[in-house]
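Chemist: Quick one: structure below, then a few questions.
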Amino acid sequence: MSTATASQASASTAKKSGGFTGKAANYLDERTSISGAVKEFGRKVFPDHWSFLLGEVALFSFVVILLTGSFLTFFFQASMAEVHYDGSYVPLKGVEMSIAMASTLDISFDIRGGLLVRQMHHWAALLFVASIGLHMLRVFFTGAFRKPRELNWVIGFVLFILAMAEGFTGYSLPDDVLSGNGLRIIDGIIKGIPLVGTWISFLLFGGEFPGTAIVGRLYTLHILLLPAILVLFLALHLVFVIVHKHTQYAGPGRTEKNVVGFPILPVYAAKAGGFFFIVFGVIALIASFFTINPIWNYGPYDPSPVSAGTQPDWYIGFADGALRLVPPHWEFVLFDRTWSFNILAPLIIIGIFIVLVLIYPFIEAWITGDKREHHILDRPRNAPTRTAIGAAGVTFYAAMWAAASSDLIATHFHLTMEGVIHALQAMLILGPFVAYFITKRVCLALQKKDREIALHGFESGRIVRLPGGEFIEVHEPLDEYERWRLVSFESHAPVILRPNAEGKITNKARLRSALSRWFFEDRIAPATKKELESGHDGH
Amino acid sequence: MAHDDNSGAELAAAASSDHGPENNVSTGTAVVANDAVENPGFPPHRQRVTDLNPKKERTAERTVYTLFYLSIIGSVWAIAAYMLFPIEPENLLSVRLNNLFIGVGVALALLGIGIGAVHWAKALMADHETIDERHPVRGTDETRARAVEIFETANEESGFGRRTLIRNSLLGALVAFPLPAVVLFRGLAPEGQDPVALLNETAWEAGTRLARDPSGVPIKASDVTLGSAFHVIPEGLSEMDHMLEEKAKAIVLLMRLKPEDLNEREDRKGWSYDGIVAYSKVCTHVGCPVALYEQQTHHLLCPCHQSQFDVTNHCAVIFGPAARPLPQLPIAVDDEGYLIAQSDFQEAVGPSFWERH
Ligand code: FES
């Protein structure tokens, strides 16, 4: 009896809440409890800022990569068996090439829209890596990696590396001259690894280079293994974004305890959903106008030809450039074995660089000892040492990256190859220090100016003459909302080295205090209430 | 308005009393000023033109649905272009047009939706920001206590901590079980072959004629004029099994210099023929073909990382990351005047590897 009433009641509510949609929603909810999810997430707030779009570009271009990539798998054949090309592209007719290359040519020249999808896939991949890189820079320079987001920084960085691996494996699939040459370089690098290199290369290529196995193997990595890991880490990354709630920039009304922005339904969904289509559309537009990776100009892989000015895709450039910057003769024979430091040195340096980037959040957390959660982003100037370290890192990366185009730089600017390499070697070593120093000074100067403006207002451009005959420029005071943006940050003081409970000073403490001094000894504190009231900064 | 729920003073008090959502957490070296400026709270809301002016609102509405209609047109156009601009065999222009017109249609379809939706959100949807409260990421003390309790119970009920023999043997088994899978990967490379031996030999043998790459036509010493350079493969390469693997090791550059320009070592005096020298074309750095010969300076340049080799000095490295000279192929001339190899290379060609010496 009671069940009957209950079901009647629920039926009537469903009817009341309107026709088909209501019924469908009721049907779904009774089977999935989805109303709970809508209640929980439907009005979740996302703050708005252009720099938050970089991560979205990465996410959306990945979706485009998945869609276009799936289309390509229906036509691409990852086989290195040799055939005589018999497709529409006349200059290569009758040329012997692998099926991988031939099927890529068929996608480009014999399937309507195939070239478009192929080019969209490649452009989207370039955009994917680029946007992850920029997103990481945004996160770094605003301190968004601080507690509780340190692990998400690590996950994001792994995604960056996976994206590059996806890019490289994809680049190698068509089996054209450039991709084969890229693999040749990888083979050479692997062989330079002590102890295991020769065998790793032998196993990877299924025998001697180039063999007939590598394209098929890379294909498995490219469409199965790497994407699976990537999707997993991406999902984790997004789950953490939900768990932590998004960071926000400082602003009036915003605190560490709230998130201010637009709710998912409807505004954020419309904006982000719309933005997905914009990213997708822009990629389509680029792909319809600009050729990328015209393998038909390069021809099938042959170990013999290579032309001057060949370039890897830009995101691999830093590694290629690192190889170029090694001075001659960094290889020697010891214990009857070859030690190729011309290969090991770049590998080790890049390895250290990667590890430092990966663990930076933990280093900074250890130095500051700050155990609070941080949800308000720093303005880069308000963390001068961090910003300077970031600038140094970017310079280091840029030197390696530029080196990958050393030959183009030399011919374009009519310089000698040697001169360009030597300049870039100097930039690799000295550049980071210069960048560090300049950035830090600029940050401090900007902070001083902020403080000045907060205390005395901004220059209005209006000159008045005082009764005494003196000319001054009138300073307009800021309103409290503008001022809040300038004063709402925290500064850190260096730790003072003190003996611990046993009266000892440990080396760890010594190191921490030294690092802390390095980080925070130049410090500009935000203007306080008292200073504002008295209208000057007390000096 | 949502903003009015939070007055500035309240926010500021909250912000200064404790910075994060958690209480009593170390602030580390942060200097928490006790007379920090107070958060002024939200600024007054400013209305958009579309809120104030119904005409603008109607314009915005029109823009949005026009964009959505344009998107439909784009989709239809892309389908039409698929049929209107087919690919004609052997006609490159048709490929280009096909790509362009389908692409433009697709782009219009996507951008129409995208820009329309964003404009809708910005100009017409409710324009008030809302506020979510944050809570510490960590679970509450009760939750954490309960979690600890659950683990303790599980440990108690299973005896995981107590029965150490069971536990340790299980851990051992878990470590061991993936090992067979690792071993299976030995099958990636063929068995019965030794990579080191393979790397130490190439297709060159005593008497193999030097032939042009890629035609395979043998080269006479008299064809090699002063200052010229030839890309060379062993004769008969195209008939070999594993042609590409052999080619990857056997490619050679052949150059003729004035004999007096060559600085030949005593033990290699007999390796050249009348100023003609042959060197491996595989870079000793990481293996790119060293394809560029600079005739005036007699330098070879590897395009990959700009290593330079001096042909007059047995291809010693003069610049770039390579460490070793390019290996030299000893050559001679047979009775018909064709260039032949005296033997295989005397050392492994190509990039260095661990077992090389
Ligand atoms: S492969 Fe020749 S310089 Fe690197």
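Glycine too: its Cβ is placed from the backbone N, Cα and C atoms.
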Chemist: Scan B:1-28, B:253-280 against TrEMBL and say which stretch is down as region 'Disordered'.
Modeler: B:1-28
Chemist: Per DSSP, how many helix, strand and coil residues does the domain 'Rieske' (B:249-340) have?
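Modeler: Result for the domain 'Rieske' (B:249-340), in helix, strand, coil order: 14 helix, 34 strand, 44 coil.
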Chemist: For the domain 'Rieske' (B:249-340), report the average pLDDT of the model, please.
Modeler: 92
Chemist: By DSSP, how many residues in the region 'Disordered' (B:36-55) are helix, how many strand, and how many coil?
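Modeler: Secondary-structure composition of the region 'Disordered' (B:36-55): 6 helix, 1 strand, 13 coil.
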